[in-house]
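K.L.:
Take a look at the following structure, please.
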Amino acid sequence: MAAEGLAGLLPAQTQLEYALLDADTPQEKENLVYQYLKKMDSRERDLTVPELSRDLQWLNTEGPISLHKDLCGKVVVLDFFTYCCINCLHLLPDLHELEHQYSDKDGLVIIGVHSAKFPNEKVLDSIKSAVLRYNIVHPVVNDADATLWHELEVSCWPTLVILGPRGNMLFSLVGEGHKEKLFLFTSITLKFYKERGQIKDNSIGIKLYKDSLPPSPLLFPGKVTVDKSGERLVIADTGHHRILVTLKNGQILHTIGGPNSGRKDGRFSEAAFNSPQGVAIKNNVIYVADTENHLIRKIDLELEIVTTVAGIGIQGVDKEGGAKGEEQPISSPWDVVFGNSVSGTQEDDVLWIAMAGIHQVWALMLEGGKLPKGSDLKKGVCLRFAGSGNEENRNNAYPHKAGFAQPSGLSLASEEPWNCLFVADSESSTVRMISLKDGAVKHLVGGERDPLNLFAFGDVDGAGINAKLQHPLGITWDKKRKLLYVADSYNHKIKVVDPKMKNCATLAGTGEASNVVGSSFTQSTFNEPGGLCIEENGRLVYVADTNNHQIKVLDLETKILSMLPILNPETCDVTDNLSVQKDQIANLPKLPKSAPNIQLPSLSAAPGQTIQFLLKLTLPPDSKLNEEAPNAWFITAEDNNTWLLQGQCLSGEIKDVSCQTVIPFQLPRVCLSAEAVLAIKACLYYCSKDSSACMMKGISFNQPLQIGSTNQGRLTQVELTHSFITN
C-alpha cells in the first residue's frame, strides 16, 4: 500500500485537470483522460486503497464487502460522507444518476463510506435512518472511527475516490459540483479496463434496507407548524414527499403531493415535491421550503393549487440574489417563516428563508417593501439578507459579513425588545439571532468564540457558550413566556432557551434515541427531532419527531407528552359535532343479539393520553371475509360519557382480518369525569369458502377507564382478540 494516500494522486491529476481546462471538445477530454489512465495503469506500483475491517457494519448489502475480494474487477466510487452535511446531500443526485446509468453488471459499484462528524452520526441506527431518508440505494459502510478517512488522508466532506479493478486509486474529487468530471472519469475508466478484459459483471449482493421498512402514516416528518387559531397543523411529511394539513386531533384535511418525489405545480392531486421541509401558514395560504427541488412553493387551500414562487428547480450558487423569485436560483431551503418589512404597510409581507445550501438567510418579498439596511424592493424579489456564504460561526454588526453554517430553523420574535429572527444554525451547533432593526447577527447559546471551529458541540445545559448543542434543526418562539424552544436534534432533546439570561436547559428527552412517551417530559425520548412549533396561546408544542415518524405534543401546562395520531378520512370518520357522530353510529350495522360482550380490565389513563386498541379477529376455519360487505369497527359510550367522543375517530373499515386493525383513541385533555367506559365494537360478514353460507357476526369489548395523573402521556396499547366459531 502506498503510504502517501490521496496525496499520491495530486501531481498527475492536477496536470490532467489543467489540460482539461484547455480542451475544446468532448473527444479531446476523453482522450486526455484515456492517456492519464494509461500512465496511472503503467506505474511500477499501484496506489492501493487499504482493506476495510471485516468488523465494520454495512447497510444495503447481504453482508460485509471486501474492497479487494468482492470488488475485484469493479470500478468503485468511494463517497466519503456524513449525513448532516448539506454538501454531501447535494452530491447524492449525481450519484443516483450515475448508478442509474451504470450498474454492478456494467462494472460500477458506489460505496458510501460514512465518516461521522457528530457522535450521534456514528450510531448505526442513525445512519440507517439517513439511508432511508435520502433514498441511498448503494452499499454504505459505517466507518465510525474514520479509519479509512485517516488512512487516505481525506480532509473534507464530501470526497469521492475512484478506484480501478485492482483497488488502485485513480482519481479524487473534493467537495460538490464536479458532476461533469465524475461522469467523464467514470465512463472512460470503465471503457479503459473493459478493453483490457479486467471488468467483471458479477452481482455484489445488494439488499436494500428500505425494503424492510414497515408502512407508516408519516415518513421522516421534517417540520410542523400550526395556524393562528390552533385548529390546523401543517406537516412536512418529508419522506413521503408531501404536505399534510390536519386538524389538531390528527384528522387529515388535505394531502398535497406524494408519495413519490417530483417537481410539478398544479392541483393537489398532481402536484409533486422533493423532500419538503419548512412550512408556514397564514389563513389559507401555505409556503413550503421544497428542499431538494431548490424551490419555494405556495399552496392555496381554497383554490387547491400549488405554484412555484422562488427558485428554478436546480441548485443555485448565487449568494446575492435580487431577481424575481421564479427567476432566482436558490439552494436547499430548509425553513421558512413570515415576517414584516421595515417600510411595508401589510403584516407578514416578507418570507424569511433558511438557505442551508449556501449558509445564508434570504428574504422573499411577498409585497413591496424594504429590509433593514436595504433599499426599496419590489414584490416577488428574492435575495440574500444575512450571511457571507462562507460556512462559519461568525457574528457581525453587518449582516453580509456574518457567517452561518447550514441554518436549518427560523423563528420570529417581532415584539420589543427582541424584534429579531432566531436561527438554529445546525453545523455550528448554535442558536443565533438577527436583529430586524439593523441586521446585526449575534450569538445566543452554543458553539464557541472561534468562528472557524464548527466542532464545538455537546450536550450541556448552561449559559452562552457554556451551553452545548448538537446539530439543532428546529426552533420556535413562545411569545407568552418569552422563551425559545429548540429541537436539539442529534441530542434527541427539546431544550428551552431564555434569551434574556442566555440560559439553555433541557425541557424534554433523556438524550437517548428512542420512542418512549414517558410519565414526564424528561423521561420521554425522541429520535432526531427536526422541527417544532407552538400554539398562539402558548400551551401546546408540536414536535416533528423525525426518525420516529411521528408528531409529538408537549402540553406546557399539564406537562403531559402525547403522540398525535394521524387519521386518514378515507378510513375514519371524525367530527367535533356530537349529534353528527351519533347519526353516523346509528347508521352502522347493529350487532346481533348473540354478539359476545367482553369485559376488559380497568385501564388507568391520563388526560390527553393516546390509547391504541389492537383489534385481531379470527374467522372460523374454511371461511373468508366478504369484502363487499360493510365490515367495520366503531366506538361508543354511554350517554353520560359522550364527552369522551368529541373529536375522536369513531368508526373505520376492517379490510383484512389476517393482521391487526389499529384503532386510535386519545382522551380529551379536559376530562369531565374520573371514571368512564368505552365500548369498542366490530361487525364482520363472512362466508364459507364454498360460498354455501354467509353470516354476520359481532363482538363488543367494554373498556373501563380510571382517569387520573398516572401514566401521564404514555402511549398505551390494548389488545382486543376474539375467535369466531361456526354455530
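Cβ coordinates are placed from backbone N, Cα and C, and glycine is handled just like the others.
Found this in Swiss-Prot, in case it helps:
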type	residues	note
DOMAIN	43-198	domain 'Thioredoxin'
REPEAT	207-249	repeat 'NHL 1'
REPEAT	260-302	repeat 'NHL 2'
REPEAT	330-364	repeat 'NHL 3'
REPEAT	404-434	repeat 'NHL 4'
REPEAT	456-500	repeat 'NHL 5'
REPEAT	513-557	repeat 'NHL 6'
K.L.:
Does the repeat 'NHL 4' (404-434) come close to the repeat 'NHL 1' (207-249), meaning at least 3 CB pairs under 8 Å for residues 6 or more apart?
P.N.:
no
K.L.:
Quickly jot the same-chain residues contacting the repeat 'NHL 4' (404-434) by Cβ under 8 Å, restricted to those at least six beyond its ends, or write none.
P.N.:
84-86, 278, 334-340, 352-356, 359-361, 385-387, 391-393, 395, 440-447, 454, 456-458, 468-477, 479, 484, 486-487, 489, 497, 499, 504, 531
K.L.:
Please count the residues of the repeat 'NHL 4' (404-434) that DSSP assigns to helix (H, G, I), strand (E, B) and coil.
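P.N.:
When I sort the residues of the repeat 'NHL 4' (404-434) into the three classes, I find 3 helix, 19 strand, 9 coil.
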K.L.:
Could you give me three numbers for the repeat 'NHL 2' (260-302), the DSSP helix, strand and coil residue counts?
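P.N.:
The counts are 3 helix, 20 strand, 20 coil.
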